[in-house]
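The structure appears right after this line, and notes come after that.
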Amino acid sequence: MTAMPSTRPAPPAPAPERTIMLVLIFLVTSGILLVSHNGPLLDTLGPLGTFLKNPIVEALMVSLFLANVLFAHLWRAAPWAKALVGLGSLLIVLPLAGREDTSLLDLSIQIMIFAALALGLNIVVGLAGLLDLGYVAFFAVGAYTWGIFASPRFGEVLKYYGSHPGATNAGTLAIGLFLVVVTAASMLYINRLTARTAPTPTTTWSFRLASFGLIAGLVLAVRAIAVLMSGQAGALANGINPGFFWLFLALSIMAAAIVGVLIGLPVLRLKGDYLAIITLGLGEVIRVLANNLSLYTAGSQGITPIKSASVPWFDKLAGALGFSDDQFYLLFLYFLVLIVIAVILTVNVRLDRSRIGRAWIAIRDDEVAAQAMGVPLVQTKLIAFATGASFAGVMGMIFAAKQTFISPESFNLFQSIGVLSMVILGGMGSFPGVILGAAVVTLLNLRILPGLGEATANLGIPQQVNPGQLQRLIFGIILVAMMLLRPEGLLPNRRRTLELHHDENQEDDSGHGSGGALTAGPVEVLSPGLAPAAEGERSGGTK
Amino acid sequence: MDLATLLPFLVNVIVGGLVLGAVYAIIALGYTMVYGVLQLINFAHSEVFVTGAVVGFEVFRVLRDVALDGYVKLLIALLAAMIVSGALNVVIERLAYRPLRNAPKLVPLITAIGVSLILQDVLRVIEGFQGRFDLTYTLPTAFTTKFCAAASSCAGLGNALRTVGIDLQLKDVILLIVAGLSLAVLNYLVNHTRLGTAIRAVAQDRVTSGLMGIDANRMISATFAIGGALGGISGVLFGMKFGTVNAYSGFDPGIIAFTAAVLGGIGSIPGAVLGGLTLGVIQNLIGVTNVLGSVLGSANLGAIDASYQRIGAFIVLVLILIFKPTGLLGKSNVEKV
């Protein structure tokens, strides 16, 4: 992720090269990280060892180490040094330190999962400007897609259908599949028809009818398959073969994207606040369903154990490198997540510069104007929704495999807001910023706050204000403070900075009245010549 | 249950729904007032009303052993909650929303979410210091008795309700009266006073009303004060109705009340009331769908129980926004370029 070229133009006064400093810091922090996570070595160090074992010190060490990657991205240094620091940290030092302390691997995977979620939400909120407060629903879809099939749940479901077959047989399956094919074909046909001519009430209604038919057909077909497979319930008592992991990786992308489109279709005609509240509601609906459809999701107890993929050659390799058996799956997931993040980042960068990316930004900036210029609103928004959702779907599945346990509580509104605060903290619309935001918030949540909580446990601070319990307060402060002080985020996207400081540029023109009411309206440019001049001045680059 | 007992049962469910709806309506008014003036969904309103509920709880707790009439205690609780919540809402507006008034719409919305999170934890910490997390209302005993316990004590309306089979507690009746009174006062305030006229002017056009000599900032503060006071009242009513409150219990009623505001047409005061009552009834009906299912012999209806209640509000919200985005009583807002 460090090799990504910066999208910003070079600053006017080039800072001195920091190659040596970068490499030096990398070596020092890596050394400390490796030492501080090596339990036996620490025991021999005496007081220094106990100091390094302190949860706060440990959290700081991890943060400093991760900051390397950020420095490699930000600082002007020789490309080889950047590559060395980036790749060396992520591919060598982190896994090696993780070998001694599995929780470090776990933490890194968690950070990257959230980074991917934040990148997905960044597309929806940061690029397309659609505030989605139910984003974690797609994460849940991915997690449950794998969780149901790769756990004993699947056997239970089949057993249930075996004892409640209804009137289902191969015939029903045929009818279901026929219905699916016919309705899907007719939907495609209607779509093609309306692409050329304006939609009439007939086409609209027949499209809706066909979509109902499609859903009915799918339900029939899936039910029939479940009944027909129910004989295998015993054989599948522990879930499907983990070798299907790769197939399900594709399936969970599709499932999340489809749910994204299904949720998006009815609600994307809404804007701003309405969209926010309705996505919040739909996110809750998915959680309530996960809580109540206990046949499939085991209700609030959650599904466990969920299998992870087994990749024999990778396990052998890991074994040869000195990893123990129970670390194989974590190490595998670590590298998988690393690859997925790289793919997602590439997709993001590509999308951002593509036609569709520009359409998203146009919609975010001014929906009406974008529509007037021929951007198809619903379609463009749907693509944003589905893309964001598919990232969440993949990560949901990996999350399920990593935790080996999922329950509806992992997917509540608070998680959605957490991901949103990552996007905002880092800087909406800026990819490195969003990743930074994810790292900071996850570290804060999983290491620094609990560490502070542990460290202050003996200081007589009352349990109620234990930092480990103040997550909401801290998220809230992050959200409010960022919006008030630095709405563009830590690593801002250039365009957005201009946009958010638009009115500051015009301060001289408007003149503040004492009542406030005079300037309280939307800022309008009265003299057409002034605005471009003010913006042009800014683009000379102060930041 | 057979059909003969079903009818009075349903009547009771609907009346119970109306009582619940009255609480939602008052909360929804808080959303709608702020939205009408600033076009901002005040996500923090749910915490403002929980603050009111907490204040009400503390008043009832402190006054538990004081020899005062139950109604006087209630009045004190309502007043205290109104003052605290109103002041809190004004402070929130001053610190978190006013600096952002010219920012893109997403910005104050996110701030509102942040404020709501902060208030949740602050409330939890404050109550946690007293060793309390789930606050259980202990109302004066008179309030929790049946409105019309014995036929001998019933007269007029009480008797009429009794013959129809409606079974209310005294607190439900008080709740309806308080809700009705606050509505009447609000209606007078907004439609028949100078303050109300000024607020409506600001809601229509902030710039022009400024030219007419109205101080928009003061009017917005006043709106937040009124909205917060309504939040305080609704908090106390909510506490009376449900009995327990904690720092996080604002979420559910908050979102239902927002749905109510949208259902009625956000920005419209009668709309919020209509929406609140409708949603209260719908929610209570979803809660007893399994009873209806058992009467009608439908297993599918029977499977839907009270745990689906909150889905009901969202489905209503989705349907309303799809088919009539302006809400039942809302005016359509034509977008100008």
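Positions of Cβ are set from backbone N, Cα and C atoms, glycine also.
These figures come from a predicted structure and were not determined experimentally.
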Write down the single range among B:145-164, B:285-304 that appears in TrEMBL as transmembrane segment.
B:285-304
What range among B:94-118, B:219-243 does TrEMBL describe as transmembrane segment?
B:219-243
Listed stretch, out of B:6-31, B:43-64, B:70-91, B:219-243, B:255-279, that has the most CB pairs under 8 angstroms to the transmembrane segment (B:173-190):
B:6-31
For the transmembrane segment (B:219-243) against the transmembrane segment (B:6-31), do we get 3 or more Cβ-Cβ pairs below 8 Å once near-sequence pairs (under 6 apart) are dropped?
yes
